[in-house]
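Trainee: Feature list, courtesy of TrEMBL:
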COMPBIAS  B:1-17  compositional bias 'Polar residues'
DOMAIN    B:104-296  domain 'ABC transmembrane type-1'
REGION    B:1-23  region 'Disordered'
TRANSMEM  B:39-60  transmembrane segment
TRANSMEM  B:103-127  transmembrane segment
TRANSMEM  B:139-163  transmembrane segment
TRANSMEM  B:175-195  transmembrane segment
TRANSMEM  B:216-238  transmembrane segment
TRANSMEM  B:275-296  transmembrane segment
Amino acid sequence: MNGTRTRRGYKAAAAAGAGFALLLAGCSGGGGGDDDSTAEPSADCADFESYGDLSGKTISIYAGIVAPEDQPYIDSFKPFEDCTGATVDYQADKQFEQQILVRAEAGNPPDIAIVPQPGLLAQLVGTGTVVAAGEGTAANVDEFWDPAWKEYGSVDGTFYAAPSGASVKSLVWYSPAQFEENGWEIPTTLDDLQALSDDIAGTGIRPWCAGIASDAATGWPVTDWMEDMMLRTAGPEVFDQWIAHEIPFNAAEPTAALDAVGGYLKNDEYVNGGFGDVTSIASTAFQDAGLPILDGQCALHRQASFYAANWPEGTEVAEDGDVFAFYLPSETADDRPVLGAGEFVTLFADRPEVQALAEFWSSDTWANIKAQASSELTGGGWITANTGLDQENLVNPIDILSADIILDENAVFRFDGSDRIPAAANSAFWKEATAWITGQSTSDTLDKIEAAWPAS
Amino acid sequence: MTTTGPQLDLSGMQQPSDTRDGRPATIAEATKKRLSSPWASLVAVVLAVLWTIPTFGLLISSFRPARDISTSGWWTVFTDPNFTLENYELVLSPEGTNSLAPYIINSLVIVIPGVLIPIMIASLAAYAFAWMDFKFKNVLFVAVFALQIVPIQVTLIPLLSLYADIGIAGTFWSIWLSHTMFGLPLTVFLLHNFIREVPKELLEAARVDGAGHVTIFFRLMLPILKPALAAIGIYQFLWVWNDLLVALTFAGSSQNVAPMTVALFNLTGQRGSQWFLLTAGAFVSIIIPVLVFLSLQRYFVRGLLAGSVKG
């Protein structure tokens, strides 16, 4: 009896001991960060004096941005930590969009969350846990961002969240070598694009490759296609009305836009290079969809700037490299509608150190530190619409192209609409878009999305 | 489970053949005869092969270069072999951003108490429900059993706000407590059924010798229950080891507490571009459960068949 008891007791003690050891290890790790900051006061700390001394304060950040793109974020807060003495605790996982709602509703939110969608921001504001941005942050956003961006970070007229990173969706990937070999030119109008597609189809390869499979969100690349077309064929004003549901989802303009997409994606002459016929679009993972360009089995792939990360290691992404992208043209060469997306720095705590970090985050200083960190650690892959961004800090050609497009004075930027519409309508949009690829008619598709729009 | 009942039934059915052969057929012989039919063996082998093919493909993929994985099927290695250890290097190297190493430790720290605590509590509770008399015993037992039908998902937000209030959200405590809570109803029920099967005479004999409940539990029940505890331990181990939702919700994704499943989930990278790493990651995460299963397997088989004492 004694033997049994002692053994059980020993096991339990060992387990508890292991647990404590790990907890202690976690604590001492945090302490180590503080030591570094006192040991090495940086020369540029003058910029941080206004935030005061924040020693011993910890700011928790929760995001959906995981390795390898998390490290540049963590490093970009280093100067702030070194100069103010605060500690930034960055956590991320890919379940972010569900977990942040659970945490907000349970009253256990982080201090700051990086929210990738205005629709999600509105939902979070609805839980009553989000804190409005401070004056310093608002002043920075007024100074450095296009007013449209401030609007995306606002809910019901209150400005909550400053924008952070951005991505450009209106891009078409291609192979510069293949274009040169065949004498193809980069199109500057939609008509040119059509003519180019016909040209390529004439040579026997299917010009476009596409893939929309993406787990639970299968179908989203089609929604991007449609929104891009909507911006081009109907114009930004009608696009805004459509997203705000001031005109029905199945009105004449959206129908025309989706039919225009169908002219490419549901055209057996045009798709699906390297994969098969039209229906193979639905079963091809969006991550793999552009890869046939490398083998010359396909020439054009419309996908956002972040697709740069999907090319296999060793692929040179540059204007004279293996692959590059051009701006998806509009009806005339002077129209520059840009579809894009971005992240918003959402605060759940009003403590001075949290507001201070948010203010730093919205400044041009941070944008440049972050751009440098991304360039060094991940070879780029990050841009922002912060006009204070010095393009010298970008190394990746696709980042430079994206920044040029997004910061262009003639550009009319619109945030991805499917991220702004109600969640129910958004998931109907993905599902019906998938059904549309596999044969459903345009009018049925749009009617069903319209029917799924929440009544209120 | 005693063998008396089925044996009687079967020997009744086997009567005609017995008389013809002129020798009695035991149940073991009858079963052996039935199972060793060549057709049955063939079906079993085919099933086993079919069952293993996907895992086998995964294993092969884990040794293929990233480009190959995304452009061609694993079966092409037979005609065009091209192997690399790079995936495993990326997943196991301690410095790399994709390293699973710290998370393996976290998983172990989570899983050991996550298995021991509920089994300890459940065996005590099951003994009380089976052999002690107290008021509302049956009502309580039904209540515990009924808790099984509460889906985990509805408890997430209330539990998290409780944990946040008492300040243990984001620590191992929240995960251990949650796994204990979620594991108890089924564990109590199963162990109760095992303990009920112990013949009353055994307990009465112990009591005549002067043993109290404590002595009976530790000196009589625990040794008898060993196979059952091992079987339930394996179940609970696999459940806790493979859990993503509970750990992610209550403890978050910090490197100090997050288990292996969270790391695997994030392994594919921001845009899912590194999904080729999943094959290697999956095999790394399989190793420990397989070791546990193999080492406890003999108890597991016994636990399924047992629940009683010998003659």
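The chain as shown is numbered from 1 upward.
Backbone N, Cα and C atoms are what each Cβ position is placed from, and that goes for glycine too.
No curator has checked TrEMBL annotations; they are predicted automatically.
These numbers come from a predicted model, not from an experiment.
How buried are these features, and what lies next to them?
Mentor: Within its own chain, the transmembrane segment (B:39-60) has Cβ neighbours under 8 Å at 74-75, 77, 279, 282-283, counting only residues six or more beyond its boundaries.
Sequence-distant neighbours of the transmembrane segment (B:103-127) (same chain, 6+ residues past either end, Cβ-Cβ under 8 Å): 144, 172, 175-176, 179-180, 183-184, 187-189, 191-192, 194-195, 213, 217, 221-222, 225, 229, 232-233, 236-237, 240-241, 247, 255-263, 284, 288.
Long-range contacts of the transmembrane segment (B:275-296) within the same chain: residues 58-59, 61-62, 64, 66, 69-70, 87-88, 90-92, 98, 100, 104, 107-108, 230, 233-234, 237-238, 241-242, 260-261, 263-264, 267-269, each at least 6 residues beyond the stretch ends and with a Cβ under 8 Å from a Cβ of the stretch.
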Trainee: Would you mind listing the long-range same-chain contacts of the transmembrane segment (B:175-195), meaning Cβ under 8 Å and 6+ residues beyond its ends?
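Mentor: Contacts with the transmembrane segment (B:175-195): 110, 113-114, 117-119, 121-123, 125-127, 129-131, 141, 144-148, 152, 159, 163, 168, 221, 225, 228-229, 232, 236, 239-240, 243, 246-247, 250-251, 257, 259, 306-307.
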